[in-house]
Each structure stands twice: as structure tokens, then as C-alpha cells.
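Here the structure comes first, spelled out in C-alpha cells, and everything after it is commentary.
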Amino acid sequence: MFNVPGPPRVSEHVSHRQSVRLGRTVKLPCPVEGDPPPLIMWTKGGRNIHSGWTRFRALQHALRIKEVEADDGGAYVCKATNGFGSVSVNYTLIIIGGTASGLNSELRPRFTQPAKMRKRVIARPVGSSVRLKCTASGNPRPDIVWLKDGRPLAHGNDENGGAEEDRKKKWTLSLKSLTPEHSGKYTCHVSNRAGHINATYKVEVIQRTNSKPILTGTHPVNTTVDYGGSTSFQCKVRSDVKPVIQWLKRVEAGDESKFNSTLEVGDHRYVVLPTGDVWSRPDGSYLNKLLITRAKKEDAGMYICLGANTMGYSFRSAYLIVLPDVKPQNNLVLTAASPSLPWPVIIGIPAGVAFVLGTALLWFCQSKRTCPSSSSSSSSSQASSALPVSQRLPVAGRERASPGADKDGLSYEDYVAHQNQNQPLTSSKIYPKIYTHDIHTHTHSHVDGKVHQHQHIHYQC
């Protein structure tokens, strides 16, 4: 079934009143479809919901709200639009434990993302950046004030440490291009009529020193990958200046000739691998990854991440294990079981042999049925004018009177000997032949009274 181009439409019925408890997560569906696919936009109270609303996330066909606050209640609209028109789905979100207007029972503030606030002591090098978070909720909606060393921060004022409040969400304080003056204790003070809470971060800005790079963390680590699969090594380097990060692979003994150039490090030789971009991280470190795709046996071995700057270099190694491939074994069995000749030859050879044998057999059968016939005809003429016809011996009588002999007295044995003497031998063996004969007698009378009698004897093998 093909969709007919047209304006978006609602594909299923939904309840337009949704309720959720304070602090929970809710999902508002937007079941619309159309051809061409529509563009979906969410609004709350007439304001567009965008990426700056950190607890709100627009999914493909829904809006998800995490850690619901009292002020999240109200009217929501999902509007789907394409070139043929638009359609809207309206919701009223009711907060249990609060209302859309926030006039229900008062709730003191609480931090809604405590997992992101566990690290309270933060060290950063000069020139890096840091973000301090104090996301909170309450009823009525609480206010937040940031302090440094007990004094309120003048946001956007470089004389007060260059701290500025994240305009997308005031619950985050961003410190950029850190200098030693940014070091200190930063406190977020969150309060409403029902109470207040505080959280303090200690920021230490470390002066950069001219030193060789340092590989931080545990990467790269030993890795195992399936044959034909993909994997990656990661290398994280801390350096005062942007380092050069290079990946090397150790060349096994005897494989040096496979590479155009190798690098000698200690007692081993290494080949330099192509390296991607080096990413700068907010904590002042640099990150690089080595991607290995379609892993094969030759990819196994020891890899080294080398970080270098003008002051020196540091490196760390890890091993890659490529699991055996099971497919070649199956192919080997199939190859051994199958003939190496092409299919036309495989079929043609038996067919040719069968044809030759059939032809020879047919010729042999024909030769057995028809052997060379020797027809000898002898005619004898007797002038017997005085001999009456009645005194002539009939043929049948003659045959009975002299079995095995013809009129001229030629026996079977004499005929065989005569044939063998007159005809060349075609074989080293002489096979006896059995002959049968037929005698025909013809009588002719002349005008002068003479009678001629002819006998024709035919021999057949």
C-alpha cells in the first residue's frame, strides 16, 4: 500500500490530559504521519521548546521531560507540518504534588542531578574551561545565586574572574579561558519560600609548565576483536602545548620486508600508522583514536600510542588479539570435497566416453549380423539330347544322396580350405564359418531339339 501525498494526520487516539508525579519522567506522544514526512515542533505556553531546555528532549514522535518540576505543568502542543498543511496534538500536563500555575503545596528546593555534582574538587590547567552545575527544582520555582569565596559573582565581569552564567540554563556556571585568578570556591545558593540548599565546588587552576606529555587514564588497553570485526584504541595525552599523537605497530621478526619503511625503537622495529585528528578536551587534555576495521590475522600484535612535544615524548602499549576465522575452514572442506575441474569438463568427459563405447558396441553388433557373403554360382551345361527329363535326379534327391557335398563334389571342409588359401588372413586366428547352400535348376530347350540344364548353387554365411 502506498501513501498518498497530503497533509499530516493523527495516526492514533491519545489522551489529551497527562499527569505525572513531581520529580519523575513523563513522555508525551505525538502520533502523526504524512507524505512527505512532517516536521514536528513542540511548544509550551506558546514558547518553542529547544535544546536549551536541558530536561526536555524532543524524540521522533514524543516529548520526554526528565525530573519533572512544578512549573513544567501546563499546555503543550505538538505541531506537525509539511508542504501540504499541518496538524496539532494538544496536551494538558498535570503535576501531582504541584499544579501548572505552581500555587499548590510548597516544596523546598532539591538538586535534580546529584550524579553530576559528585566531583566537587576540580583541577584545570591554564587556558582550559570548566562548567559547574547546580540543577534544582522546587515549588515555587527556586532562584539560584552563585558566589565565589562567599561573594556574589558579577556575571560577565572579567574583573570578577570572568565567570558567566550559562544563558541557556541558569543552573550551570561556565568558566572559560581559565587563569590563576579563577582558582577558589564556587557556591550555588538555591532558595524559595519553602527553604534553601547549597553546593560548593573547589576549582584549582594549574600553571602550565614546560614538560613532556603525560598519558593519562588507562588507555590504550588490551583488546580482543572477532575476525572481520571493528575496534579502536584510545589515547589521552596531557600536555602544555598541543602534542603530536602517533600510533605505531610492532613489526614481527621476518616481516620487515612487507613495509616500505619502519622505525627502530629499542630492540624492535615499528611501522607508523595513519593517525586521525587530535581533539582538545575541556580539561586541557588531548584525545586521539585509532580505528581498526575488518580485522584480520595480520592486524594482531602490539600497538603503541606515542605523545610528543618539544620537551620530549611518552608512550604506552597495548595488544590486539584477533580471534580465528571459522569461515576458511568450511571453505577448505568444500574445496577438498569438490573437483578442481570446471563443470563443463566434468560433464563432458563421461558423456564422451559413453558415446565412444556406444558407437563401438553398435559397430560390433552390426558386424556380427552381416558378415561377407560368398556367393558362388556354378553353371554346368550338359548336352543330353538323348536323356529324358524324367531321368534327371531331382535336387532334393541329390541333396539327400550326398549330404555335405554339392553337385561338383565340393565338401564343407574343402571349401573352407579353398577359401583360406585364396583369401588373405586378417587375423592370427582362423574362425570356422558355417555355410548353407541353395541350388536352383534352369532348363532351356532349343529349336534343334537340344536341352541345356543350368544349376546355380548359392552359398550363404
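The backbone N, Cα and C atoms fix where each Cβ goes, glycine too.
A TrEMBL annotation is a machine prediction, not a hand-curated record.
Of all ranges given (145-167, 421-443), TrEMBL attaches the label region 'Disordered' to 145-167.
Broken down with DSSP, the domain 'Ig-like' (8-94) shows 3 helix, 50 strand, 34 coil.
Beyond the ends of the transmembrane segment (341-365), by six or more residues, the same chain brings no residue to a C-beta distance below 8 angstroms of the stretch.
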